[in-house]
Amino acid sequence: MSETAGVPAEKKTGTPVLELRGITMRFGGVVAINGLNLAINEGEIFALIGPNGAGKTTVFNVVTGVYRPTEGQVVFAGSRIDGKKRYQVTKRGVARTFQNVRLFHNMSALENVMVGADAHHRTGLAGAALGLPWHRREERDGRAKAEELLEFVGVARRMEETAKNLPYGDQRRLEIARALATDPKLLLLDEPAAGMNPTEKEELQGLIRKIRDTGRTVLLIEHDMSLIMGISDRIAVLDFGQKIAEGLPAEIQTNQRVIDAYLGVPADAS
Amino acid sequence: MNDTTNRNPLSRARDGYSSFFDTLRDRWATAPRWARWVVYLVLIVLAILLPADGVGSFMSPYTDWPTLLFFPIGGYILLAIGLNVVVGQAGLLDLGYVAFFAIGGYAMAIFGTKMHMSFWEILVVGVLLSAVSGIILGAPTLRLRGDYLAIVTLGFGEIVRIVANNTDYIGGPRGIGGIPHPPSLSEWTIPDNGFFDAIGIGGVQPLKYGALDGKPYYYLMLLLIVAAIIFAKRLENSRVGRAWASIREDEDAAELMGVPTFKFKLAAFAIGAAIGGAGGVVYASQSVSIIPTNFPFILSATILAAVVLGGSGNLPGVILGAFLVAWIPERIRGLQEYRVLVFGGVLVLLMIFRPEGLLPSRRRKAELAEGEGGMGGLGAEVGGPVTVAAGEVGE
Ligand SMILES: Nc1ncnc2c1ncn2[C@@H]1O[C@H](COP(=O)(O)OP(=O)(O)O)[C@@H](O)[C@H]1O
Ligand SMILES: [Mg+2]
């Protein structure tokens, strides 16, 4: 389907930007993640797949600081981020979208993205209240950046509209723009294609590649197999909180354990 | 298409009013800069002419109009602007806002009578003290959400008043008397000639703070109100206002987009407190003596009513709300013991007519319509996503 799909993982730089070391996450009696080790390399598109309830979203929640893991470490760009505050994790360069779209619904699309852009702004109360020059500059830059990102994801013509009035597919793309505005090294996408029609999915593939090509690493949760197989450099499969397989798309497609636990029928047979 | 014609007159009036103000708001949003400045200028001139006797004879037949304009009208407006930062912007429900007004008032009384500091010095000190007490109250409590925050702030309001009531050093229930007026800035008198007489402000000494004339105090309050409006408006249109809006909409998502939500909530609290404190200092500087019962819970409730009634989050609405809540009870003084009943009735009617407030901001209106609003929009977060956990577990 495309050139990048076939690029072997070894061709990437190979330094891990994100490492999960022995992560276990328990909620009372529920073990959502069990001793997970995972290394995501810089510049790759890495997919996390598995049946519902396997613990995929929980991995995102642990990485972004929503939960502190019961055991294990999260290392991002060489330093530990587990236990850090959520906004600090974002400032260090991890941004995400949500499985259920969580935009600021009553703000305009542009404002939504500007909130993301503010993550690296330094204006305090005084600067804002007195309208100091650097505040104005940040405000201008933030706006320009937001407009550019809305253009990038393809929602620019609706930027003045209230977020909740956008069609579903645009809301998902807006969420991506908002996350990109925080200038992440690593972007986490939680089922970005959910609810999209085939054309939109096609565009989304292109968008994810474009994001990777701007030098970011993408970690992706998705159920749509053709999308996954089309763009992923590598794939890990979770089942009941454990990693049951990891490898290149072709390896995953033919892995017997994965077929039993998740794929059901071999993907190339369908 | 035209189903509105069949509806009852109340709904029709409501729709008419609604679309009128929507149009007005859109016009304003697209108005050129100079047009806005013309409007601002006209408003300021009107505000300066407001204490004139001619206006007063209609607006306030029972009480001295300039004094009324100073407090409660001006005072409520200033307090409502401050509370609006907390409730309308950051979406935090504060039921004890009167505490900061009291702290400002007592700062003026204590530093004025015991340390003989001047009004202008105390204004600075009082504002800082109130802001610090806002931070002290907020730091442990702003981690609470919704209802819990409301309860704690309610308690704080009561504690401040009760402590004042039980502290002999500050007069206990008798309060503090002999509070100095602000030093007069100038003896300058507006000329008593035909023109100024005709517009009703001839012979006024606007910068001389005496015991009798309420006008100079009103002008002082007006100055603070204008400053507070500029301050609040600038914040609203900056990253600070955006951060507050995002917190109101989805606190968890905001935090994950890099907004240090706790810091911004604390800032809202401190700013609200500072504005309330400024109101307290000015209030005490005019009234010669203050007692703890000047700062009852009902004042917190009234200011909150002003904010909600006017249109939480929208400054013109909030100012209008505060004006009505302060003015109506005075205007209907002639009704004597029925006064409070009628006032209550008017409030109920207004809320039936305009549940979203008289002049709500567009965004606020939408939030209320969604039903995340109600008191939820004010911080109780009824029905909103409680935690990321709850939001994320489900499909
Ligand atoms: N906050 C939580 N409290 C209790 N259980 C949770 C919580 N978050 C996730 N879980 C449980 O962890 C498991 C994995 O959930 P999740 O990560 O959302 O799965 P996936 O995203 O792979 O569908 C599920 O059994 C879910 O019920
Ligand atoms: Mg999930």
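Cβ atoms are placed via backbone N, Cα and C, with glycine included.
Where the annotation comes from TrEMBL, it is an automatic prediction and has not been curated.
As recorded in TrEMBL:
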type     : residues  : note
TRANSMEM : B:37-56   : transmembrane segment
TRANSMEM : B:68-89   : transmembrane segment
TRANSMEM : B:95-112  : transmembrane segment
TRANSMEM : B:119-139 : transmembrane segment
TRANSMEM : B:216-232 : transmembrane segment
TRANSMEM : B:266-285 : transmembrane segment
TRANSMEM : B:297-326 : transmembrane segment
TRANSMEM : B:338-355 : transmembrane segment
- For the transmembrane segment (B:68-89), which stretch among B:37-56, B:95-112, B:119-139, B:266-285, B:338-355 has the most Cβ pairs under 8 A? B:266-285
- Do the transmembrane segment (B:95-112) and the transmembrane segment (B:119-139) come together with 3 or more C-beta pairs under 8 Å, pairs six or more apart in sequence? yes
- Message: For the transmembrane segment (B:297-326), give me same-chain residues lying six or more residues beyond its boundaries with a C-beta closer than 8 angstroms to one of its C-beta atoms, as numbers and ranges.
- Response: 72-73, 75-77, 79-81, 83-84, 87-89, 94-99, 101, 154, 157-158, 161, 229, 232-233, 236, 347, 350-351, 356-361, 363-364, 377-378
- Message: Need a quick answer: max count of Cβ pairs under 8 Å to the transmembrane segment (B:37-56), which of B:216-232, B:266-285, B:338-355 is it?
- Response: B:216-232
- Task: Would you kindly list the residues that approach the transmembrane segment (B:338-355) from elsewhere in its chain, counting only those six or more residues past its ends and only Cβ-Cβ distances under 8 Å?
- Result: 10, 13-14, 17, 305, 309, 324-325, 328-329, 332, 368
